[in-house]
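Visitor: Pulled from TrEMBL, these are the listed features:
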type: ACT_SITE; residues: A:CYS95; note: active site, nucleophile
type: ACT_SITE; residues: A:HIS211; note: active site
type: ACT_SITE; residues: A:GLU213; note: active site
Amino acid sequence: MTGPQTGPRIGVVTFPGTLDDIDAARAVRYTGAEPVALWHADADLRDVEAVVVPGGFSYGDYLRAGAIAAQAPVMRVVVEQARSPHRRLPVLGICNGFQILCEAGLLPGALVRNAELRFICRDQWLRVENTSSVWSTRYEPGAEILIPMKNAEGRYVADDAVMDELEGEGRVLFRYVTEGPQRGATNPNGALRDIAGICSADGRIAALMPHPEHAIDAFTGPSDDGMGIFLSALDAITTGDLAGAR
Amino acid sequence: MSAVDPHHRPGAEELLDVTDPVGAVSLIDQADHHLAPGVAPASVQDTVHRAAATPHQAQPYRELGLKDDEYARIKEILGRRPTDAELAMYSVMWSEHCSYKSSKVHLRYFGETTTEAMQATMLAGIGENAGVVDIGDGWAVTFKVESHNHPSFVEPYQGAATGVGGIVRDILAMGARPVAVMDQLRFGPADAPDSQRVVPGVVAGVGGYGNSLGLPNIGGEVVFDASYAGNPLVNAACIGVLRSADLHTAHASGTGNKVVLYGSRTGLDGIGGVSVLASDTFSGSESASGSTARRKLPSVQVGDPFAEKVLIECTLEAFAAGLVVGIQDLGGAGLSCATSELASAGDGGMHVTLDAVPTRAEGMTAAEILSSESQERMCAVVIPDKVDDFLAVCARWEVEAAVIGEVTDTGRLVITHHGETVLDVPPRTVAHEGPVYERPLARPDSQDALIADTTASLARPQTGELRELILRMIASPNLCSRGWVTDQYDRYVRGNTVLAQPADAGIIRVPSSSAASGAAVVEGVDAKDDATTVRGIAMATDCNARYTMLDPYAGAQLALAEAYRNVVSTGGVPTAVTNCLNFGNPEDPAVMWQFSQAVRGLADGCALLGIPVTGGNVSLYNQTAGVNILPTPVVGVLGVFDDVTRRILPGIGHEDGETLLLLGETRDELDGSEWANVVHGHLGGVPPRVDLDAERKLGEILIAGSRDGMISAAHDLSEGGLVQAAVEMCLAGETGARLVLPADTGLDAFTQLFSESTGRVLVAVPRTEELRFTEMCSARQQPWVKIGIVDAGNPAGPHLEIQDVATFGLGELREAWEGTLPALFG
């Protein structure tokens with residue numbers, strides 16, 4: 001990485017077929033943190049304090065979206081350090097990253113083909129349901145944010161027991177806004193209970209299908225609403241409060 | 001594999017191992033995948049020696065598309081009959097697709113009309129994979145449009161997907177990082193039964209490949225016309241960015257340098273391009289694999305965007321590390337094209353060993369290996385000392401690579417297979433000295449009747465009927481929202497998209513990392529801060545084939561004028577032109593007349609505007625059952641921004657009370673219009689007058705207005721006229737407006753709303769800038785008229801009111817405009 005950086009180091013993973021790594025790195029950089037490139041084949045997290053698993057088509061979505069990437073050397077270390085009660089590594093999965101975290105068992109449920117069976121790219125309204133996770137403290141409760149989504153397999157599903165557990169523990173992080181006059185205010189893909197993003201019980205491991213890294217300035221995105229996610233993590237790392245505001 | 005336990009659950013290690021479609025495992029060592037050199041195949045191989053000894057053996061040259069005199073010329077060049085492999089190579093390289101034999105004599109006119117001043121910004125032009133232009137500060141841009149029409153009718157998804165893949169590799173082969181794609185699509189009638197197959201398939205193919213590749217799609221065209229029903233046009237464009245110093249062109253210099261083939265394996269797919277290769281009369285094709293029929297695979301290749309994505313990253317990393325001398329993508333004609341073009345553009349010869357080519361099938365013949373159009377392959381020339389480093393880069397990206405030959409000083413392209421010489425030719429005779437035809441051309445007798453059949457006799461609506469007509473027109477297939485298409489394309493990836501559909505031109509911020517930063521590429525993550533980079537590029541493509549049918553010379557200029565106007569409407573400075581010339585059967589003199597007229601019109605137009613044509617593509621034989629498509633010369637204009645933050649958007653509503661000004665002159669020009677098409681199914685008369693001086697003046701005003709912050713929104717007028725532009729500006733900005741049509745023009749409301757006069761742009765200017773802007777227009781003799789105001793404060797919600805004509809709620813307009821394609825295609 002070039003240039004002096006004083007902020008915390010946040011890793012961005014690149015698999016063969018990862019597409020949105022430079023976008024995720026840019027978002028990290030916009031917060032003042034230092035993006036650190038993590039290579040899929042290296043079981044080395046290079047002393048980062050959080051990891052972003054970005055979007056794309058890792059390994060061409062062969063076998064099943066995210067299935068192969070979930071077994072990559074770098075992901076085994078991410079899983080180990082995310083689960084370690086001592087390390088408590090914060091992890092964010094975006095789009096294909098969400099699929100990978102589900103495949104890796106860090107988050108429950110699965111992402112299946114969109115209800116209309118098509119790739120959908122559009123600006124999507126989301127409601128922030130949980131503002132105490134490591135990745136969402138910067139938002140006001142119930143805030144509605146405009147974030148691009150783009151996927152063919154973004155429909156979140158899980159069995160009723162898992163759904164009830166997520167709801168009961170406040171682990172639904174973002175929901176698709178389904179009412180209101182704005183464009184992009186419908187459930188785009190048939191996701192159960194309009195779920196767009198979820199997190200772990202302690203709010204440290206989070207994932208969403210829409211792309212906050214594409215909403216970091218209004219010049220290239222529909223808004224800068226996505227910055228809140230990255231700034232929230234920066235706050236948590238800086239204050240050492242990796243259980244969020246709970 | 002028979003020993004595999006069906007109940008075995010693979011562990012992680014095995015799962016990783018199945019990631020092998022590009023050869024994740026044992027990438028470099030392919031020794032046991034094919035026959036060792038010197039081991040003879042099951043049947044006799046047609047060698048150079050054998051060809052010389054059997055001069056009278058019959059060869060299927062006619063089935064391969066060669067004429068008698070072309071075959072005779074090959075024999076004359078070689079001094080003997082060609083071998084099977086040579087015949088395969090010549091036939092495919094001398095095809096219309098590769099040799100431009102019908103179009104070449106006309107395309108020369110582009111070069112003849114390019115002045116020195118126009119050449120000043122060109123770093124590479126026609127003849128390269130893609131033209132390259134200097135955009136300042138050491139940056140260069142390369143861009144090109146290419147057709148993939150016929151495969152996309154046969155197999156819409158894969159035809160379109162591999163079209164995107166091919167154009168992206170063309171851009172990559174210039175040493176550039178591909179940064180955006182666009183697609184220019186033309187289909188039969190939207191409600192035709194076959195459109196249900198072709199349209200969703202093509203759109204899904206463009207999206208499926210481009211999305212997986214990680215390139216934003218920033219625009220294009222979708223046009224429906226009956227002439228494309230059996231012959232859709234699928235053109236794909238790609239833009240790449242590079243440091244001027246890093247320009248790589250396709251050549252093989254330096255005796256002893258190694259030729260490396262990397263990417264996917266070479267298979268039997270795509271050989272259908274020369275389908276009779278599998279014919280029974282073709283000797284040498286009976287091999288251990290069995291009958292020829294069994295070997296024949298679908299002639300449309302199957303794309304693998306993941307393989308292309310890693311190929312891109314791998315290639316850029318090799319460029320950045322200085323490992324590449326010359327490079328060539330493998331597209332149409334596969335290795336035949338790559339080896340002959342690399343060798344003939346270099347300074348000597350080349351020796352290639354086909355046994356080293358990693359193949360997907362056992363026992364492929366030399367002709368099959370040379371002709372295969374398997375996707376996602378590249379050929380690089382590497383100095384011997386760097387070969388290991390190059391192979392290491394490939395291995396890191398899990399891209400299969402093999403050294404297949406080396407550059408020689410013999411002046412001959414020599415290819416061996418199983419230890420025998422199967423091809424020995426002067427490479428230029430294959431790649432550059434193919435046949436050139438001066439096909440007969442003639443203006444068809446029917447042209448006069450077509451021109452005489454104007455819209456004057458067509459019934460025009462009363463003012464009271466305009467409300468209904470406006471809703472009908474904005475919902476018609478050629479004017480309605482393209483959202484159903486563009487919402488299937490990723491326009492955000494890489495984070496540099498400033499403007500994409502729906503807009504006049506697509507705009508990309510020039511990313512500062514691009515191919516330039518070796519560190520960034522190696523890291524896999526853009527390391528430099530592009531927040532400081534404000535340079536940008538715009539690209540628009542256009543063609544109105546109806547106009548071109550009425551007057552091919554003017555039609556090509558109208559396409560140029562519209563693409564130019566689209567670029568200046570965003571504030572971009574037009575810098576270079578590319579084209580994709582889609583025409584019918586060149587053996588029809590009327591088609592060759594259309595073609596020659598269009599080329600001359602475009603070239604003369606570019607000379608008038610002072611921007612060079614840097615490259616192009618020709619697609620002929622677009623006809624169904626003897627009926628040719630409308631002549632469709634797609635023209636792409638590239639624009640440059642020194643400061644892309646000054647770009648102008650098409651949506652109104654930045655501030656209430658902005659003034660709407662119509663720049664340019666409106667005349668009664670409805671021949672060839674969308675109104676004539678939708679309401680009367682009519683095509684005849686004379687297309688709108690083209691005035692390139694007026695376009696240039698208009699451009700200067702828009703560029704100045706954008707630099708000085710005088711314009712808050714702009715949208716060009718084209719098909720559908722003023723009302724179409726006004727509706728789109730309201731919907732894009734989700735803001736209402738009030739229009740007052742000027743009373744003193746001598747034109748009725750219908751004509752003012754639907755005329756397609758060119759050289760017009762609808763702009764919104766802040767009230768504070770109105771006087772300064774209109775004074776600038778008047779001082780430069782730019783016609784302008786105040787035509788309305790932006791109305792953001794309507795208590796009844798946003799409305800578009802056209803005074804004395806009709807008033808619409810934006811919801812009503814949106815429903816009409818956006819409903820059409822989803823209703824047709826789901």
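From the backbone N, Cα and C atoms, a Cβ is placed for every residue, glycine too.
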Visitor: Looking at Cβ-Cβ distances, which residues of the chain lie under 8 angstroms from A:HIS211 (active site) while being 6 or more apart from it?
Guide: A:ASP20, A:ASP23, A:GLY55, A:ILE94, A:CYS95, A:ILE147, A:PRO148, A:MET149, A:LYS150, A:GLY226
Visitor: Out of A:CYS95, A:GLU213, which of these active-site residues shows the lowest number of other CB atoms within 10 Å of its CB?
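Guide: Sparsest of the active-site residues A:CYS95, A:GLU213 by Cβ contacts within 10 Å: A:CYS95.
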Visitor: Under DSSP, is A:GLU213 (active site) helix, strand or coil?
Guide: helix
Visitor: Which active-site residues (A:CYS95, A:HIS211, A:GLU213) come close to chain B, taking a Cβ gap under 8 Å as close?
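Guide: Correct list, in sequence order: A:HIS211, A:GLU213.
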Visitor: Where does the residue listed as 'active site, nucleophile' sit in DSSP terms: helix, strand, or coil?
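Guide: Coil, per DSSP.
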